[in-house]
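This report concerns only the one structure given below.
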Amino acid sequence: MTIQSPNEQIGLWPITSSVDWCEKNFEHSYYIAEFWNSLSSVAMIMFGEVGARVNSCESFRFRLAFRLVSVVGIGSLLFHGTLTSQMQALDEVPMVWSALTILHSLIESNYGKKGLWLPILLILHAILCTASITISTGALQVTFFLTSFCSIELVSMLLMYRIYSSKKVSHPSIKLLFERGVMIYVLASTTWLIDLYLCDYVNGEEKSILPFNPQLHAVWHILASSGLYLLVVLTLYNWLYENGKKCKVEWWFGGLVPVCTVLDAENTRSFHREKKANVRSTSGPYYQRAEVQHEESPVNRSIPSKRLRSESKYPKERAGGERELKWENN
């Protein structure tokens, strides 16, 4: 990454962003500044949309979190496609808002609901970060963004680890989501740092130790969106559990994509109770209705027949386990 000169223009778009990544600009197209970085941004859009559509997002905050990931992907696509400062803000600002949305749920999952003051405080923090990112330029802008985003991510990771350490035994899904998510996210961050600080050694040019550019920032897009998806599903699963919802995690596409779904436990219990009651009411001597009738004949036709039956579908129990039955005249 380099701090970019505002006067430099190679392709269609004047490069006005405060950063420029390791991929060579306008190499594949006069219209697209960073082709591979732009193409890989589609992964964020896909993970965001899949997350919002297939998971049981019973709270608006999680639909918002997933959709903000999609917005980050759109902003990233526009930023890497143009390398303009306006599109850079559209990439970085949604990253901060998305991270704060997830942080809100993590705080309430760990420490309980805090009232309106918490979302108001987070919104004010987001506005402050937005202003500092969009108004500043150059190295100062990069510093503001990295400080804002990384501090939120660090606090979120600590809260996720708190959930993991307390529930990894009782909830295997949390254990698996956290371990996979952190592993992928750490790997993604490593590729981002190498692309940021060691570009001259991995760009396939004179000083490079590699004969080609592996496009590590594009790899970062794919790995980061994948790891983030797992950690958001973990946050969703834990939030549902803390709010009294019974849920499960299913792994789709060969175990690559986790999906959190809510189980309707009350209806399940009612179904089993009703099924059990139906079996008991139609079988077994203990619950079977007994009918004793006198055979009608010309002699005893006037004699009232008697039917033995229970007072209700389920006979009342007296002390000692006896059933109360009564005789009724027909």
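Every residue gets a Cβ built from N, Cα and C, even glycine.
Pulled from TrEMBL:
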type: BINDING; residues: D20, W21, E23, N25, E34; note: Ca(2+) binding site
type: COMPBIAS; residues: 308-330; note: compositional bias 'Basic and acidic residues'
type: REGION; residues: 286-330; note: region 'Disordered'
type: TRANSMEM; residues: 116-136; note: transmembrane segment
type: TRANSMEM; residues: 142-161; note: transmembrane segment
type: TRANSMEM; residues: 182-198; note: transmembrane segment
type: TRANSMEM; residues: 218-240; note: transmembrane segment
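Proximity of distant same-chain residues to the transmembrane segment (182-198), defined by a Cβ-Cβ separation under 8 Å and at least 6 residues beyond the stretch ends, is recorded for 1, 21-22, 157, 160, 216-217, 219-220, 223-224, 226-228, 230-231.
Listed as Cβ neighbours of the transmembrane segment (116-136) (distance under 8 Å, sequence separation of 6 or more from its ends, same chain) are residues 89, 92-93, 96-97, 100, 103-104, 107-108, 144-145, 148.
For the Ca(2+) site, the Cβ centre of D20, W21, E23, N25, E34 serves as reference, and the other residues of the chain with Cβ at most 8 Å from it are C22, K24, A33, N37, H80, L83, H217.
Over all protein chains present, the Cβ of D20 (Ca(2+) binding site) has 19 other Cβ atoms lying within 10 Å.
According to DSSP, E23 (Ca(2+) binding site) sits in a coil region rather than a helix or strand. Residue environment of E34 (Ca(2+) binding site) contains 27 other Cβ atoms, counted within 10 Å of its Cβ in all protein chains.
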